[in-house]
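Quick notes on the structure that follows.
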Amino acid sequence: MFVAITVLCLLVPSQLAAVIKNENLFQYINPTPDNELLREDKQFWYDVGNNYLEKNLRYDHESTTKVAKNVVILIGDGMGISTITATRIYKGQRSGKSGEDHTLAYDNFPNVALVKTYNVDMQVPDSAGTATALFTGVKTRYEAVGVDVNCNKTIADRTVFEASKLEGIMTWAQQANKSTGIVTTTRITHATPASTYAHAHYREWECDSEMPQEFKPFVKDIARQLVEDAPGNNFKVILGGGYQQMGHIFEDLSDGECVRNDTLNLTQTWIDDHKGLKASFVTNNQQLENVGDVDYLLGLFYPDHLPYELLRNKGLDGTPSLSQMTKKGLDILQKNPNGFVLMVEGGRIDHGHHDNYARLALEEASEFEKTVALIVETCGPETLILVTADHSHAMTLNGYSRRGNDILGYGLETEDDKPALTLTYANGPGFAYHFSPNVSTVLGPWRDVREDWNRLNNPKYQQMASFELDDETHGGEDVAIFGTGPGSHLVRGVVEQNYVAHLISYAACIGPRAGINPRCAKNLDVSLVGNFYLLFSMLFFLNKL
């Protein structure tokens, strides 16, 4: 109070009058009450998405006549703009450059926008709510999967649940006879991949043992939904980790989480459901490499998330990289003449950040960028490629390091000549590593990074965090989206995250926005002419026999 009065006394009368007049600047702001949030249901966000689409269609050109036959959406989980910049420097420096002038594969995409990532009920979001927005066109609650705001994990109501279910890009693609698939470095039941196929009040319901009893009569766990229900049970490609959630156990998993109590082996269920089809189930590098001509592929390479790229076993019995899995997935999906929709997630970028492991996070982001380059090279001009993040992280590039300084190093360009790491976190477990109140150095209680050689040789070195938390938090700022291919000209401006699904619907002529794209009818006409010509040719040939 004393400080506030002192500050006011220092103001000249005109300034003081302005402050008093604008007293709302200083009032306490209450969070939005839940009853107000409920109006932001699926129809609300469908209208928002459509409004953004109509606005950006003003820049549409008749010369842009192509429809996106294929769609690849790549999610760098936690890959905010600070992570992109750090990755660019990291990759550039490891290719012999100073780093800052390096170019990432998606830096060359012609269309870029900023995306607002908040959940309906949270300023700083989680991956389930953001992925649901990206894939269904509807923003939802924090930690909700494939349902709108009316679903609440504290209320078990079958009627509300059924009304809240959302369809998304995978369902729309399958309705258009396109092939679909998911590739991830996380568990295949984790928040981002789950949002392509599942409906759940809470993202942690990956297996039955995590679900409250009162929800079980009308909500399946996420793993069961993948194997038993559409659209998941129609996926041609499923590659990632998490065979424990699937009930596929061939080693001791007693220290793991989400063990199935119902004893279901959903991997075996998937195998049984695909008998008589050209299908394969694989669990390591060698098996993935040896996959032949199949139409369906399930690959589960670890009981939990896949190991970090820098730490994984690259041998024949080890786990594949994101780019290896994606390449194999594309081999299968590209066989469909009607096209495909593929979701690729670099999921462990996020996990590295949560532990303040900047080196591991940047290595994951580097492999993700390599995967983008592979897709650009492999997929033709009929493919819409979108690269984005679900949310950011609390990592910053700071200090005054010299040009070309190691991005994982420190700078000395400060007034007090004290070393400061270039990459630091606003919060997280790295605080405890760097701060020792009972130790005195030239920097007081802070570790002297100039003499900390763990920084150079320990892949799990923790960057400094300014506030101690067991788990570093997400960031709430906008993230970037990069686009190339048919329809990518609609990637522009600052948009709500749910707009992305509406853009895909319009560009690929699938789902609810296909009806407003005049090119969809033309594309259908061409397709029908081709089919009639093929049918006529077959009948003519048979008549000759």
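Keep in mind that glycine also has a Cβ here, set from the backbone N, Cα and C atoms.
Annotated active site, phosphoserine intermediate per TrEMBL: SER127, in sequence order. SER127 (active site, phosphoserine intermediate) is surrounded by 27 other CB atoms, counting those within 10 A of its CB over all protein chains shown.
Annotation comment: TrEMBL describes ASP77, ASP350, HIS354, ASP390, HIS391, HIS474 as Zn(2+) binding site. Long-range neighbours of ASP77 (Zn(2+) binding site) (same chain, six or more residues apart, CB within less than 8 Å of its CB): SER127, THR186, THR192, GLU345, GLY346, GLY347, ARG348, ILE349, ASP350, ALA389, ASP390, HIS391.
According to TrEMBL, the Mg(2+) binding site annotation covers ASP77, HIS190, THR192, GLU345. The number of other CB atoms found within 10 A of the CB of THR192 (Mg(2+) binding site), across every protein chain shown, is 26.
Residues or ranges marked as signal peptide in TrEMBL: 1-17.
Recorded residues HIS474 (Zn(2+) binding site) and HIS190 (Mg(2+) binding site) have their alpha carbons 17 Å apart, per Cα-Cα distance. In this structure, the C-alpha atom of HIS354 (Zn(2+) binding site) lies 16 angstrom from that of HIS190 (Mg(2+) binding site).
For the binding-site residues shown (HIS190, HIS354, HIS391), fewest C-beta neighbours within 10 angstroms: HIS354. Sitting within 8 Å of the Cβ centre of ASP77, HIS190, THR192, GLU345, and not among those site residues for Mg(2+), are the Cβ atoms of ILE75, SER127, ALA131, THR184, THR185, THR186, ALA191, PRO193, GLY346, GLY347, ASP350, ASP390.
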